[in-house]
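Chemist: Mind looking over this structure? Questions follow.
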Amino acid sequence: MTDIIDDLQWRGLIAQTTDLDDLRKALADGPVTLYCGFDPTAGSLHVGHLTQALTLARFQRAGHRPIALVGGATGMIGDPKPNAERTLNSPETIRQWVGNLKRQLSSFLEFTPEGAEPKPTDALLLDNAEWLGKLTAIGLLRDIGKHFSINQMLARETVKTRLEGAGMSYTEFSYVLLQSYDYVELYRRHGCTLQIGGSDQWGNITAGLDLIRRMEGNEPHGPAHALTTTLLTKADGTKFGKTESGAVWLDPELTSPYAFYQFWFNSDDRDIPRYLRIFSFRSREEIEELEQKTIERPAERAAQRALAEELTTLVHGEQECRNVIEASKALFGHGTLADLNPDTLGAALKEVPHVELSGTVRELPPLVDLFASTGLVPSKSAARRTIQEGGAYLNNAKVTDIEARVSEADLLHGRYLVLRRGKRNVGGVILR
């Protein structure tokens, strides 16, 4: 069985653990059943969730059994934020989001194939509404609440911060009871003895450990453990997982596969070594080789390309990744634009300077106007100079006539035009 702790330490993933020697021994004696919770606070997971989802997968590949727990019940409340009360979403919305998260999480782990005998390391995908939905108010207060100290709960950093500001509802104040009880139920039902989560979850996770000790006195499945992962920050000080257009989602309807690929491909050279260790399943030797290439030949972006391809394939599938790569090549003159998947081309053009216009192709203005309206050049006179100097392209064909207009035959898939200034500046026109 692979020493998963050594691997996680090398990758810089471990923030805190309970007694490391005890945890290492339990893992060596394994397989250990572990879990991570994912609350449906939105209709999709985003790239920030990948750290936990992929860490679960690393444990599975090391010979352990992961449980991905979707918070169908805890999502009705939401883990308290440091600055403000969460908006409560309707039960119908939560149910829809739970379904979305289950579908997304299923792509990271290996489950028992239908009709097959389960293996000890086959993953489980559970919903805490299964037990929390049956919990009564009296049961919560009598059987769970009596094990919690108000003094300790008030000392929690999030609670203190909120009480110093706008305050906190009892609903959010009691969230820790529910998350802690999740650990108890998974311990009882599945012999789960390890919970993982982000470093901000340390207090909630250790509260679950205490509750197991209090409710399961003799600990029939052995002692429970906790492990949190490090907070991921970017070298430029901005928040990981955010772009100018917002969060980078795993749902292709919210973030296109093309935009997802470009997010990783555009990673800062200072960040890519850490990203490789946290998000890639490549071996230590492969990662160190890519890190060296970044140092020696940064312009090649070999590490960024490798990670973008690996994660796009993992999240969106091999075919979508191929579509994205072909689109990236074709946009910059190294492929045939007409052969691209229309959805991929449309998504790609929305990630570059573009303009969306209504009407027919006959109603479109001259090309110099289109170049200016996309922002590829600052003005129509600049567009004319670019054409005269041989630096303007329509669908990768050089434009030589400053009076040129677009024809029906120029439209890709009946609605797209790809404009380019020089080798690297790409823009687009999308007909509605």
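Positions of Cβ are set from backbone N, Cα and C atoms, glycine also.
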Chemist: Of the residue ranges 40-49, 160-169, 220-229, which one carries the motif ''HIGH' region' annotation in Swiss-Prot?
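Modeler: Per Swiss-Prot, the stretch marked motif ''HIGH' region' is 40-49.
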Chemist: Of the ranges 199-203, 239-243, 294-298, which one does Swiss-Prot list as motif ''KMSKS' region'?
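Modeler: Feature motif ''KMSKS' region' in Swiss-Prot: residues 239-243.
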Chemist: Within a 10 Å radius of its Cβ, which of these binding-site residues (Tyr35, Tyr175) has the fewest neighbouring Cβ atoms?
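Modeler: It is Tyr175 that, of the binding-site residues Tyr35, Tyr175, has the fewest other Cβ atoms within 10 Å.
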Chemist: Quick test of the contact rule: Cβ under 8 Å, at least six residues beyond the ends. What residues does that give for the motif ''KMSKS' region' (239-243)?
Modeler: 46-48, 232-233, 259, 263
Chemist: For the motif ''HIGH' region' (40-49), would you mind checking the mean pLDDT of the predicted model?
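Modeler: Taking every residue in the motif ''HIGH' region' (40-49) and averaging pLDDT yields 93.
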Chemist: Can you grab the distance from Tyr175 (L-tyrosine binding site) over to Lys242 (ATP binding site)? Cα atoms, rounded to a whole Å.
Modeler: 27
Chemist: In the structure shown, which of the binding-site residues Gln179, Lys242 has the fewest other Cβ atoms within 10 Å?
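Modeler: Across Gln179, Lys242, these binding-site residues, the one with fewest Cβ atoms within 10 Å is Lys242.
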Chemist: Assuming the binding residues for L-tyrosine are exactly those in the record, Tyr35, Tyr175, Gln179, what is the maximum CA-CA distance in angstrom, rounded?
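Modeler: Roughly 18 Å, rounded to the nearest whole number.
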Chemist: What does the structure give for the C-alpha distance between Gln179 (L-tyrosine binding site) and Lys242 (ATP binding site)? Integer Å is fine.
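Modeler: Rounded to a whole number, the Cα-Cα distance is 27 Å.
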